Amino acid sequence: MEYKLINTDGRARRGRLTFDRGSVETPAFMPVGTYGTVKGMTPEEVDATGAEILLGNTFHLWLRPGQKVIKAHGDLHDFMNWKGPILTDSGGFQVFSLGKMRKIKEEGVYFRSPINGSEVFLSPEISMDIQYDLGSDIVMIFDECTPYPATEEETDVSMQLSLRWAQRSRDRFDEQQNPNALFGIIQGGCFEQFRDISLDGLTNIGFDGYAIGGLAVGEPKEDMYRILEYIAPKIPEDKPRYLMGVGKPEDLVEGVRRGIDMFDCVMPTRNARNGHLFTTDGVIKIRNAKHREDATTLDSECDCYTCKNYTRAYLYHLDKCGEILGARLNTIHNLSYYQRLMKGLREAIEQGKLEDFVDTFYQRIGKEKPMLDV
């Protein structure tokens, strides 16, 4: 993987990731394909939204169908028929999400499978082995996602464990002679001093890119923006910066303003299935009865398949009847909206007009623009 920084506007960065499987223009949003599919979408439909890279979930694919089945097809790209690059998370966040079903030890994590209740063990080495078999273009280190809230002592202990696991992930990755990219994950909760220690430790080990983890886990939005403003500028300029699990459209905008290059989140797909649709003028709740006879499209500025062919009344009707097509059309639109937003941000950075773009974005959705402390 090669990262090229093309130009900047304030802290925002316009760049390009180049892989053997193709290039990714940044800032980029990665749709989430947890089980080897972006829910309800064919790979061709995902591609048509403008997505250039997907996220796959190591934890879930390991438990079902298992790496052996996927490897028999070649790798995850072959299994799901996606031609572009794939980033896989390491499984750390999913283990964190299990709560009391898991025990964290120095060697790794013991937990009960959410599928059949059997005891399972996951370690940095096992995570690297799984991701190697998946053929991930970007491999994520295995880490512990520090919960929120956490005391200073708890955050320190968790962050130090993640650093030791980062070294073990790097060692196994190098043993494999894996030709793909390996990203480190900065932890440290909402404490600046621990974010510094984490980043210093990771840069000493050396990675192809750096993710910011442990945000969007329940902390106030102000804390997320504060940590981003603090740590993002300290990440090596020649490496991509990835904000994990974020987020709403305004979170993407604020992340870009603070120098983030990559994002992923289930929000556009999950919200689509629940009838929450993102548009240039804010969120439309398609289940609201006011849309029952509305013959307009979702978004007059959107050229996605859904907006070119269907009305709000039809989408309301499909949702009311529980038709699968409704969820699919909603998903096509939301993913297209996210990609259109990212394209707009990229073009604004290129033109040196990011803040003008951001002003218009907030005016249209009817929200106040957050202050940026630069």
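Positions of Cβ are set from backbone N, Cα and C atoms, glycine also.
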Kindly point out the range from 104-108, 154-158, 269-273, 364-368 that Swiss-Prot annotates with region 'RNA binding'.
269-273
Further Zn(2+) ligand in Swiss-Prot, beside Cys302, Cys304, Cys307, within candidate set His276, His291, His333:
His333
Which of Gly50, Gly117, Gly214, Gly218 does Swiss-Prot put in the same substrate site as Asp89, Ser90, Gly91, Gly92, Phe93, Asp143, Gln187?
Gly214
Maximum Cα-Cα separation (Å), residues Asp89, Ser90, Gly91, Gly92, Phe93, Asp143, Gln187, Gly214 listed as binding substrate:
15
Quick one: pull the CA-CA distance for His333 (Zn(2+) binding site) versus Asp264 (active site, nucleophile), whole Å only.
17
Compare the C-alpha of Cys302 (Zn(2+) binding site) with the C-alpha of each of the binding-site residues Asp89, Gly91, Gly92, Phe93, Asp143, and give the closest one.
Asp89
Once the DSSP letters are reduced so that anything not helix or strand counts as coil, what is Cys307 (Zn(2+) binding site)?
helix
Between Ser90 (substrate binding site) and Cys304 (Zn(2+) binding site), how many Å separate their Cα atoms?
32
Secondary structure at His333 (Zn(2+) binding site) (DSSP, helix/strand/coil)?
helix
